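Here is the structure we will look at.
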Amino acid sequence: VSRCTSFDLTVSGWQKMENPGTQSAGTLYCPHPLRLSIVAEEVATFYAKMLDHEYTSKEIFQKNFFTDWREEMTAEERDLICEFSKCDFGEMHRYFVEQSEKKKDMSKEEKEVLKEETKKLTEEYGYCLLDGHKEKIGNFRVEPPGLFRGRGEHPKMGKLKKRILPEDIIINCSNDSKTPEPPKGHKWKEVRHDDTVTWLASWVENVQGSIKYIMLNPSSKLKGEKDWQKYEIARKLKLKVETIRKEYERDWKSKEMKKRQKGVAVYFIDKLALRAGNEKEEGETADTVGCCSLRVEHITLHKELDGQECVVEFDFLGKDSIRYYNKVPVDKRVFKNLKLFMENKNPEDDLFDRINTTYLNKTLNNSMTGLTAKVFRTYNASTTLQEQLSKLTSRMWHKLLSYNRANRAVAILCNHQRTAPKTFEKSMQNLQQKIELKQKQLDEAKAELKKAKSDYRESKTEKLKRLVEQKEKMVKRLQEQLKKLQLQMTDREENKVIALGTSKLNYLDPRISVAWCKKFDVPIEKIYNKTQRDKFAWAIDMTNEDFEF
């Protein structure tokens, strides 16, 4: 680790002896620049870079960062830096802002040099041979050290993600291939030759203890085949879903409590697209749950609420600590069973105490080969998109707004949330200014058209007739442009806290979108970016406009 600049950390409030012979108190409280050790400085820069992000305003983020930062300090630094609130990262932050601005101001030639260097690295490390074919690797770079962010209100946000060394990494390659050389002075943790898995390298990250992988690019043949198979299984569910629904409805009346609980759990997974609730990975402390791990405290039963009967109110942290809050009217027998499941239980007790994820997926697989809770999510997400896309308008920008609204309906179903972008308010202000300017131009054009028509009525010359036609075209064009800007604003406002990308990449059969684009003459580029088009190349090639999920 090399020192990136010569800045100091400003610390106030720590005790420093000043002329002990002349000052009775022997202490001085004031801001003081402190030169950190290289390791402590590096960790401090991770926080300084994020100073304008909302994460750094959260108490849990600050607490976790400060705890881990102190572990990287020298004993002397720990004695001096005792209170996080007295540390000023302003100078460091300003340095990184300046560096960012310099990067933005780079000349075209300088940017081209960087682009060429990146291209060379990709050519050298970004490809592998799979069954004799050259395939692109998803991401060949190991994640650098930094601060863990997490999603939602993750209890480990702010913790230090430590540097990954070659000694942490397992390489997986063919027996007959040349094993990549580790950096000089280092060695790999292990070299494997396992052809039953698709990862090329792996390591364990320190914050949650989860395994990270280097995988093939989503556009690879292997990934494309797996994607296709996933959506085909979901399509098969379409043919059997009514039979499966009758099965779980019968289970609601079973004399066996285990079957009743399974029936209600599958109903939630089907109707609400809940995740099954996989057991936590080792070391994970976030109190996140799914369907099978719901506790009594996570639901509230309302016999009547907002004019609806048998309403279940859900409130829990799902995957990535994203809050799931929903009020849903349910079948009367489901409501009755939930009351039964909650009898004589404490708030912290399991709602479904007789079943777990393994048992649930096993019974689903008995109903249809390959069926899991995730298949239900994929089926319901794709079905929702197909249904929503039937409500389209004729104009291009209306179509795109409708597509995003259809995608949004899926994201809401699957509880895919995000934090509003930090540039959101600024971009909305800019858009509002454009709308106001366009409205002004339209008003002026309308006034000019009115005058041209008036002139033409007085003197019906060919020249004035052409002028009227020209002004009419101008008004029409400005109206279209204004409508486009207004729809953009509506679209951004509706989707500011909804993550549309997650469902688009993982739960929506791409053939639905491709068929829709072909049917309504919408360029595929309007729906999928370059990376997504590469990932779904198989769907773009094989789908015609008549495809239905």
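Backbone N, Cα and C atoms are what each Cβ position is placed from, and that goes for glycine too.
Please treat TrEMBL annotations as automatic predictions, because they have not gone through curation.
Summarising the environment of Tyr507 (active site, O-(3'-phospho-DNA)-tyrosine intermediate), the number of other Cβ atoms within 10 Å of its Cβ, over all protein chains shown, is 25. According to TrEMBL, the active site, O-(3'-phospho-DNA)-tyrosine intermediate annotation covers Tyr507.
What TrEMBL lists as coiled coil is 97-124 (among others). Long-range contacts of the coiled coil (97-124) within the same chain: residues 140, each at least 6 residues beyond the stretch ends and with a Cβ under 8 Å from a Cβ of the stretch.
Summarised as a single figure, the pLDDT of the coiled coil (428-495) averages 87. Summarising the annotation, TrEMBL assigns coiled coil to 428-495 (among others).
Under the heading domain 'DNA topoisomerase I eukaryotic-type', TrEMBL lists 147-521.
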